[in-house]
């Protein structure tokens with residue numbers, strides 16, 4: 001009997017071993033077929049063990065393939081064959097270019113625990129076959145093009161810990177059975193078309209930490225049950241149609257770091273239990289119907305960096321206790337019914353960057369201590385009842401980008417100290433007050449200012465000629481004052497509508513219709529006066545000429561000697577770079593197939609030599625780094641490491657890893673990073689042909705290579721496709737410009753700087769103008785009035801790039817006239833009596849009729865993109881479609 005038992009066991013053992021070998025051969029054949037279809041980098045069937053291939057892990061004794069990670073490889077093709085790897089437990093296909101329907105055969109991967117198909121272009125419905133994956137713990141199909149409802153067949157996935165379906169076109173309601181997923185920690189379904197109520201059953205999910213449902217059409221109340229288990233850390237419900245009150249139970253979740261419930265229809269008061277949430281970092285409840293007083297309990301949330309209660313019905317005074325929030329960076333209380341004085345308690349805050357108290361009923365005076373806040377960039381106090389003088393200490397706000405004091409009851413004169421605010425860029429608004437006296441000439445020092453409004457005051461005297469120093473000025477308004485004399489000859493003034501100067505009875509000259517009435521005799525006298533001065537100057541000049549000539553020769557010799565010494569010193573410095581190289585705090589290369597080729601120490605060393613610098617942009621300088629392996633990478637050195645990066649280093653790294661999986665043919669993704677001291681270096685693929693700015697505006701210096709129209713159109717389409725993809729995955733670019741349209745070895749356009757919108761504040765999902773003002777010439781006009789970087793704003797900036805491509809002109813040129821940029825110059829062509837053909841680069845448009853016809857069609861697209869009204873601009877997806885149609889014009 002024993003013999004027979006042993007024999008049976010041996011036979012079974014041999015069979016199992018045979019089956020194991022057969023399974024291994026089957027997996028290997030499947031992987032070879034997958035590689036043939038997808039072309040996976042680093043996979044080779046030349047006798048190597050497939051278990052060592054990049055992105056693969058096998059089980060015990062290299063038995064079966066249990067993990068397949070092809071994330072971020074920009075792969076295309078059919079992925080159905082993957083379903084033949086029946087022992088898979090972990091499948092990550094995120095960040096590729098896979099399209100079509102998700103294979104239903106994935107439902108046969110019965111061992112699967114982790115499935116990530118996000119950041120692709122899958123279409124159709126969510127396969128009901130996923131309901132067969134009973135062991136699934138993580139399920140992510142976000143940022144695709146999926147439609148339909150969340151299928152009920154998924155309700156049996158009781159082990160789910162992460163359930164992410166965001167960024168699709170899903171409709172229907174959130175299934176009630178989500179509340180039965182007892183292990184659920186993360187549930188995200190934002191940016192879909194979901195309707196109905198948030199299921200009360202979600203309150204039964206004891207492990208829920210993150211709930212993000214923003215940008216849907218959800219209705220009903222916020223279920224109080226979601227707070228009662230006490231583990232919730234992030235709640236994002238913005239941009240829905242939610243009603244009712246914020247439940248008092250919110251205070252149970254002491255670990256909550258972010259509450260975002262703005263853009264809903266919520267009512268009632270903010271519960272005082274909010275003070276129990278000691279870890280709260282962000283609280284956004286703007287654009288609701290909340291009422292009552294702003295509760296002082298917010299002061300107990302010591303980590304709070306953003307408090308946004310704008311556009312509600314709050315009344316009462318601003319709690320002085322808010323001054324205890326030493327980490328507060330943005331305080332936005334605009335559009336309420338707050339009264340009383342501006343509390344002095346928080347005016348010494350070392351971190352406050354934005355203070356928006358506009359459109360309330362505040363009274364009292366502007367505290368002179370207001371500018372003791374060293375980081376303040378945005379000060380909005382307009383539309384209140386503030387009285388008194390503008391304090392002279394306002395000049396201490398040297399970092400301000402925007403100052404809004406309009407529609408108050410301010411008196412006195414405009415302090416000349418405003419001229420010290422040299423960073424003022426977006427707007428200076430002093431309109432609708434009772435200011436008197438003359439305009440201080442010091443305003444002319446504000447050479448970055450885009451918008452100036454001093455209308456509807458009691459200002460007297462003439463407009464100072466020194467205001468011509470405001471070289472960036474686009475919009476001005478001097479109307480309804482007591483100004484007199486001629487309007488200075490300054491292009492921004494003459495290009496402004498006459499309404500900007502009306503209501504000043506004694507003001508004359510263009511753009512006003514009233515002439516200043518100078519006589520010919522006076523003109524003649526002035527001419528003779530000028531001639532006399534010229535004669536005197538000529539005599540003096542001839543006497544000085546000899547002296548200057550001798551001096552110049554001496555100086556040239558001295559300068560040459562100094563330069564030679566400096567050059568020698570620089571050589572010594574560069575030779576000592578290796579000895580002084582700082583220690584690396586953190587660093588990584590995200591792509592496995594590049595890790596061996598990139599030396600992080602060599603990366604740091606390369607950025608310490610000026611000879612390696614390729615370019616300097618709005619946020620960073622770019623260096624060329626040659627690795628010991630011979631590989632060349634581009635290294636982006638951030639100009640100044642943002643506070644949020646240093647405070648949220650782990651979040652920054654996760655954000656970079658996520659962005660490294662953003663695979664698109666027309667995007668430059670980060671491939672790694674290095675952090676040392678307070679410096680962040682971002683690694684990218686080296687692109688040898690520079691950027692679009694160099695191609696268009698410097699090619700005239702290189703007549704041997706001029707980009708023709710087909711190449712330019714291809715670049716325009718590529719850049720548009722890259723930007724459209726960013727918008728699809730809910731990323732707003734912060735600096736769309738021709739210098740950020742980079743060119744690979746085949747002159748294919750790829751959009752750079754995509755990570756900046758996240759790295760300026762990686763802990764937040766939104767980008768605000770308080771982080772960036774953009775590149776001059778590309779800034780949409782509405783940014784002077786709004787505080788949000790938007791998709792329509794990106795479209796405008798892209799339109800400027802397209803105009804550059806069509807006209808070969810820079811965004812700002814002296815030829816346009818002061819205060820006139822490329823957009824205004826193009827849109828004003830008809831008023832100048834010019835035809836659209838005259839706007840185009842004649843070197844291209846006159847080559848052939850076909851080229852001219854395509855260029856005129858593309859010009860129409862550019863004009864739509866640069867419409868002054870954001871709502872009238874097309875979406876980038878539509879821009880791509882229109883430009884592709886241009887390519888097909890016969």
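In case you wondered, yes, glycine gets a Cβ from its N, Cα and C as well.
The shown structure was predicted, so the numbers you read here are calculated from the model rather than taken from an experiment.
Look at Swiss-Prot and you will find 614, 615, 616, 617, 618, 619, 620, 621, 622, 636 tagged as ATP binding site, backed by sequence analysis. Here Swiss-Prot flags 608-886 as domain 'Protein kinase'. The N-linked glycosylation site annotation in Swiss-Prot covers 46, 61, 78, 108, 140, 171, 180, 276, 363, 429, 477, 498 (among others). Positions annotated as repeat 'LRR 1' by Swiss-Prot: 67-85. Residues annotated as repeat 'LRR 3' in Swiss-Prot: 110-132. Sequence annotations record features per position, and here Swiss-Prot assigns repeat 'LRR 4' to 133-157. Taken from Swiss-Prot, the feature repeat 'LRR 5' covers 159-181. Per Swiss-Prot, repeat 'LRR 6' is recorded for 182-205. As annotated by Swiss-Prot, repeat 'LRR 7' applies to 206-229. The repeat 'LRR 8' annotation in Swiss-Prot covers 231-254. Under the heading repeat 'LRR 11', Swiss-Prot lists 301-325. Sequence annotations record features per position, and here Swiss-Prot assigns repeat 'LRR 12' to 326-349. Marked as repeat 'LRR 13' by Swiss-Prot: 350-373. According to Swiss-Prot, the feature repeat 'LRR 17' maps to 447-469. The repeat 'LRR 18' feature in Swiss-Prot is assigned to 471-492. Summarising the annotation, Swiss-Prot assigns signal peptide to 1-23. Annotated topological domain 'Extracellular' per Swiss-Prot: 24-534, in sequence order, evidence recorded as sequence analysis. Per Swiss-Prot, the feature topological domain 'Cytoplasmic' maps to 556-890. Annotation source Swiss-Prot lists transmembrane segment at 535-555.
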Are there residues of the same chain, six or more positions away from residue 622 (ATP binding site), whose CB falls under 8 angstroms from its CB, and which are they? 613, 614, 615, 616, 634, 635, 636, 637
Within the same chain, the residues 6 or more beyond the ends of the repeat 'LRR 1' (67-85) and with Cβ under 8 Å of it are 26-27, 30-31, 33-34, 37-41, 55-57, 91-100, 103, 105-106, 108-109, 116, 590-591, 660-665, 669
List nothing but the one residue from 61, 171, 363, 620 whose Cβ has the fewest other Cβ atoms within 10 Å; the candidates are the recorded positions. 61
Comparing the Cα of residue 363 (N-linked glycosylation site) with the Cα atoms of the recorded positions 78, 171, 498, 620, the shortest distance belongs to 498
All chains considered, the count of other Cβ atoms within 10 Å of the Cβ of residue 614 (ATP binding site) is 15
Return the average pLDDT for the repeat 'LRR 8' (231-254) as a whole number. 94
Between the glycosylation sites 46, 108, 180, 276, 429, the one whose Cβ has the fewest other Cβ atoms within 10 Å is 46
Count the other Cβ atoms sitting within 10 Å of the Cβ of residue 498 (N-linked glycosylation site), across every protein chain shown. 13
With DSSP as the yardstick, break the repeat 'LRR 3' (110-132) down into helix, strand and coil residue counts. 5 helix, 7 strand, 11 coil
Within-chain partners of the repeat 'LRR 4' (133-157) [C-beta distance under 8 Å, separation at least 6 from its ends]: 94, 102, 107, 109-127, 163-175, 177, 180-181, 183, 188-189, 728-730
Check the Cα-Cα distances from residue 61 (N-linked glycosylation site) to the glycosylation sites 171, 180, 477 and tell me which is shortest. 180
Checking the recorded positions 140, 477, 616 for other Cβ atoms within 10 Å of each Cβ, the smallest tally belongs to 616
Same-chain residues at least 6 beyond the ends of the repeat 'LRR 6' (182-205) whose Cβ lies under 8 Å from its Cβ atoms: 137, 142, 150, 158-176, 211-229, 236-237, 242, 730
Which ones in the same chain are close to residue 78 (N-linked glycosylation site), with CB under 8 Å and 6+ residues apart in sequence? 37, 100
Could you give the number of helix, strand and coil residues in the repeat 'LRR 8' (231-254) as assigned by DSSP? 5 helix, 3 strand, 16 coil
Specify the secondary structure state of residue 363 (N-linked glycosylation site) as given by DSSP, simplified to three classes. coil
